[in-house]
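Working notes, beginning with the structure itself.
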Amino acid sequence: MKNTASTTAAAGWRDYYELCKPRVVALMMLTAVVGMLLASDQGMPWNALILGNLGIALLASSAAAINHIVDQKIDAVMARTQKRPIVQGRVDNVHALTFAFSLAVVGMAILAWGVNPLTAWLTLASLIGYAVVYTLFLKRATPQNIVLGGLAGAAPPLLGWTSVTGTVDPHALLLVLIIFAWTPPHFWALAVHRKDEYAKAGVPMLPVTHGDRYTKLHILLYTLMLFAASMLPFITGMCGWIYFVAALALGVRFLDWAWAMWRDSRKHAAIKTFRYSITYLMLLFVALLADHYIPVTLS
């Protein structure tokens, strides 16, 4: 009996943990932390580091849980998402919504009183943008859903920055622009790989409505746009040579994968491009930090 009870409790905890989409939130929090560190020349304020990260993570997890609730019919059709807790009946809608609401309330309270009101309101706007505007409306309405809804997912570095400064800085907006340009090739590569599942679920992703060839061209075009956007921190003097070299190398590799998709020259290029896009964003933001803390001068 003791082992059975322990297993049941552990399974319940894991279900709620899965509702938070921890891997997605972890990548978002990396970009938020980079925003914080780039904004702080005189040392990191403890309230921004601890409370800021906690509040942003809680609201991001709330948005993820709401996404599980809203998308459960779509998730039930797609192989990638069929085992999610709500689809499997391990967590019902009421408990999931209560969980999401609780995370949002606690997260807002932490940000509003422990960090600053601007960060709280911007983070709430990001939650609404992703969980309501994108998930509830755009995802089902237009093949440009990822483009139009991408701003909400691009916000974390701005949220991290404002948690330190309490203001919206142009440099933070450059980081938002990079993620905004990164979002379409990232998701469209997955959509090409999962085209049949999206079609079966009735989601008008670009490959479903316009075909693979059209989508691959736009992946290439947006990757070029991303490459240009990634150069802006160096061009504007925000970052130095370490970042420039890293962004150049990472960007050329991303373009190589986008070109391979366009030319159909590599097996499984779509899913490999999707996976590389995650590595790309992680390493690009690590390069931002390395450049910030390692002084390099060329004479």
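Using N, Cα and C of the backbone, Cβ positions are placed for all residues, glycine too.
The transmembrane segment annotation in Swiss-Prot covers 24-44 (among others), and the record cites sequence analysis as its basis.
Among the features that Swiss-Prot reports, transmembrane segment is placed at 46-66 (among others), with the record citing sequence analysis.
Look at Swiss-Prot and you will find 94-114 (among others) tagged as transmembrane segment. For the transmembrane segment (94-114), same-chain residues at least 6 beyond its ends with a Cβ under 8 Å from one of its own Cβ atoms are 16, 19-20, 47, 51-52, 54-59, 61-63, 65-66, 68-69, 85-86, 120, 123-124, 127, 163.
Here the transmembrane segment (118-138) has long-range neighbours at 52, 55-56, 59-60, 62-63, 66-67, 70-71, 104, 107-108, 111-112, 144-145, 148-149, 151-153, 155-156, 158-159, 162-163, 166-168, meaning same-chain residues at least 6 beyond its ends whose C-beta is under 8 angstroms from one of its own. If you look up Swiss-Prot, you'll see 118-138 (among others) marked as transmembrane segment, on the strength of sequence analysis.
The feature transmembrane segment is assigned by Swiss-Prot to 146-166 (among others), with sequence analysis given as support.
Feature annotation from Swiss-Prot assigns transmembrane segment to 172-192 (among others); the stated evidence is sequence analysis.
The annotation transmembrane segment is assigned in Swiss-Prot to 232-252 (among others).
Under 8 Å from some Cβ of the transmembrane segment (278-298) lie the Cβ atoms of residues 27, 30-31, 34, 37-38, 157, 175, 178-179, 182, 186, 230, 233, 239-243, 246-247, 250-251, 253-254, all in the same chain and six or more residues away from its ends. What Swiss-Prot lists as transmembrane segment is 278-298 (among others), and the listing cites sequence analysis.
Within its own chain, the transmembrane segment (146-166) has Cβ neighbours under 8 Å at 28-29, 31-36, 38-40, 44-45, 48, 52-53, 56, 60, 111, 115-116, 118-119, 122-123, 125-130, 133-134, 138-139, 172-173, 175-180, 183-184, 187-188, 205-206, 285, counting only residues six or more beyond its boundaries.
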